[in-house]
Each structure stands twice: as structure tokens, then as C-alpha cells.
Amino acid sequence: MARVPNKHNRDQNSNFQGVLSDLQGWELSLKEKDKKMKSQYHSPGHNEKGVSTSSANQFGYSRNSDPISRISSSLLQDEESPDANSEKELGNEYFKQKKFNEAIDCYSRSIALSPSAVAYANRAMAYLRIKRYAEAENDCSEALNLDDRYIKAYSRRATARKELGKLKASIEDSEFALRLEPNNQEVKKQHADVKDLYKKEVLKKASAAAATDSTQEAKRLGVTEDQTGHTKVGGKPSGAGSKIAEISMASGNISSKPELDGPLEGGKTLKENPQGDKSIGKKREQKPSVQELASRAASLAVAEAAKNLSPPKTAYQFEVSWRGLSGDPVLQGTFLKAISPTTLPQLFKNALSAPILIDIIKCVATLFTEETELAVKYLDNLTKVSRFDMIIMCLSAADKTDLHKMWEEVFSNTNSTEYTETLGKLRLKYCPVR
């Protein structure tokens, strides 16, 4: 027989049903609140925690008061803000699309953020494409101030200088680039083209100068040419048997070649001197040749350079000036003394070449007897130049022989005991034991 629940059990069941109903209602309420919170989280007037922005501000709270929020914000800003490299890369993309002005803008922003030799050289290339050669030259110079072994900067500056008519400077740039990279075919061709152009320019100027000299000499002698092409002397035509002068415009000289003796205007007569030269009255003064004029100009340039010697700022400037003073040890010594010995490592960085090193040591040797202290400082600071040991190790046999000879005959023969120990240590670096 089934058991009938008593009143107490019925009351317990009723209470249980009520609690269960409350729990279900609470669960539904929580779900509703959760939905509202999620919608508030994504609404524009609320922050990440679902708190109203106005309420947060009312109580003095802000998003930036949370350290984590501040870090997240800064990371987002770093990701969104441009950097020098991304601007440079964007400039490269514009350059490939031949949008050179846009590329220039990108390279300019990259330089403003963080100057680099590559950004300057790339902007120079863009300037070359739109024929702004002066800006291209300046940018290449800035690139070389940051990296004086950057071959592309030398090559692009050579191009800019060629277009600006600075042919000699252009040749120097391409020559230096070839020293850094002798097998670069593009630079080789560039160097050859500029040299040919320079030779043509020199020849053109020389021919113009010779033509001017010839014209002036013809006027001095009174030699003219009439409309029929006949030569006149002193305003009178010269006959077939009394030809006075022939003007050679190509050579720039006027040669008097009379075929027959005869009277001239004013009672002058043609005479032949014992050497067989025919002249009017007295022998005409010989005009200097183009080679002589060039030699004189070179001498004047060297003398002028000696008056304006100034310390170079880069290895390139040093080599150009040094090469310009080659053959004159006195001027080279003056130029070297304009440079403080302690600046040599920073000046050359890693651009010191073996030929320049040997030349400097030879120059120091000429100073050693009279200025021993200064000479020792140069020798000491040269050893601090980057890759010095490698340069010494890779010297040719002839250079090593010359170096040993200089050390034996000059640097080891000092009367001052003050520098004996220092020179002994330096000798081990310049002439390592083989």
C-alpha cells in the first residue's frame, strides 16, 4: 500500500520548488545583465570596462589612469607612427613607379626621422631623374659625410657634377669609386666617358685660344683676306710671287713663307737669316705651345693651392688634395702638417689605402729630423686607423722593402733617446717580424 506523504513533506517540496524557481529566475536575470554589459562595452560612450565615460570622468577616472591601458596605447601609437626605414622603403616603391617627386618626399621624411647615407643617396638619384643636379650633388656629399666609402654616392655625385659642367671633379669622384671597387664595370664606363668628355672640352678651349692668338697676330702684321680669298698685306693684295704669310688656324701659329724676295709697303724688304728663316725686319717672337700654356696653368694652380691649404674633412678630400700635390714633397709636408695627428683615425676611418699610407710615411720621414715629436705622433696615430694591421700585412714586397729601408735609415737614427722606446714599439707594428 502506497505511503501518503504527510503535511511536513508537502511543505518541504513546496519550498524546494520555490528555491528552484528563484535560481532559474536569477540565472535569466544574469544572462540579461550580461547582454546589456556586452552591448555597453562596444558602445561609443563607454570604455573597455563598460563604465560610462562621463561617469568615469565625473569621479576622476580616465582610461590613461590604467597602466595596462597606457602601455597598450603606446604600442598602438608606435605601430601606427612612421619610421625612417618604412619611409625609405615607400620612397623606393615610388621610385620604381617613376613617381620621383613622391619618392623625394618619402626620402626627405626618412632623413628627418633618422639621417642615413642610403636615404641621402636615394634622394640624390631621384633628383638626378628630374634633372635637379645641384640638389643631387649636395645630397651625395651629405651621404659621403656619413659614409665616405659609399660607392653609389661617389658615382651619383660624378653624374651630377658632369651635368653641372664640373668635369674634373666628376673624374675625381669616379676615380675614387674605382679605387674602392676596381671591377665595377658601370663605374669604369662612367669614368671613361667623363674623361673623354673632359679631353674634348680641353681641346675645344685650346683650339679657341689658338684661333684667337692667330687672329690677333694676323692683325698685328696687317695680314687680311679679301672677298675673293686673296691674302692682303698692309691693305694691298700679295701677288703669286710675293706671298707673305699663311695662317694656320689649326696650329695657332703664323708662318711667313715668301716664295720670292720683293719690296713691301713702306720700303721693307724680305730678308733671309743664316738659319734659313725668312722674316720681316726681325725674327718674329715664337708663341708658346698649348702644352707650355697647360704646364704654366698647372704650376699656377699648385702655387695657388699652397696658399689655401686647409685640413680635409674626409678621406676622399685628403686623397684628392694629396694627389693634386704629388711630385712636390714640400707642399705635401705643408698639407700634412695642417692636419692634427690625433684626427687621423677619424679622418680615414676604414678608407686608408696602402699607396696613401706609404706616401704619408715617406712624407713623415722628411719631417723626422727637424720635427721628431710631430713625426712620432703621426706614426703613432696612423697605427690607430681602422684596418691598419691588415694594410701592413697586405703590402707588396716592394712596399715592405721600402718601409724597412725607411725605418733603418731614418726612424732608427734618432739622437733623441726620448722616443727610442716608442719608436721601438711602433717598428713592430710597421715592420712585423716575418
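A Cβ is built for glycine as well, from the same backbone N, Cα and C atoms used for every other residue.
The annotation compositional bias 'Polar residues' is assigned in TrEMBL to 50-76.
Sequence annotations record features per position, and here TrEMBL assigns compositional bias 'Basic and acidic residues' to 216-229 (among others).
The compositional bias 'Basic and acidic residues' annotation in TrEMBL covers 268-287 (among others).
The domain 'RNA-polymerase II-associated protein 3-like C-terminal' annotation in TrEMBL covers 311-400.
The region 'Disordered' annotation in TrEMBL covers 34-90 (among others).
According to TrEMBL, the feature region 'Disordered' maps to 208-291 (among others).
Residues or ranges marked as repeat 'TPR' in TrEMBL: 84-117 (among others). Beyond its flanks by at least six residues, the repeat 'TPR' (84-117) meets 123, 125-127, 129-130, 142-144, 146-147, 150, 153 of its own chain at Cβ-Cβ distances under 8 Å.
The repeat 'TPR' feature in TrEMBL is assigned to 151-184 (among others). For the repeat 'TPR' (151-184), the DSSP-based tally of helix, strand and coil residues reads 27 helix, 0 strand, 7 coil.
Beyond the repeat 'TPR' (151-184), the same-chain residues lying 6 or more positions past its ends with a Cβ under 8 Å from any Cβ of the stretch are 117, 120-121, 124-125, 127-128, 131, 133-134, 136-137, 140-141, 143-144, 190-191, 194-195, 197-198, 201, 316, 319-320, 351, 353.
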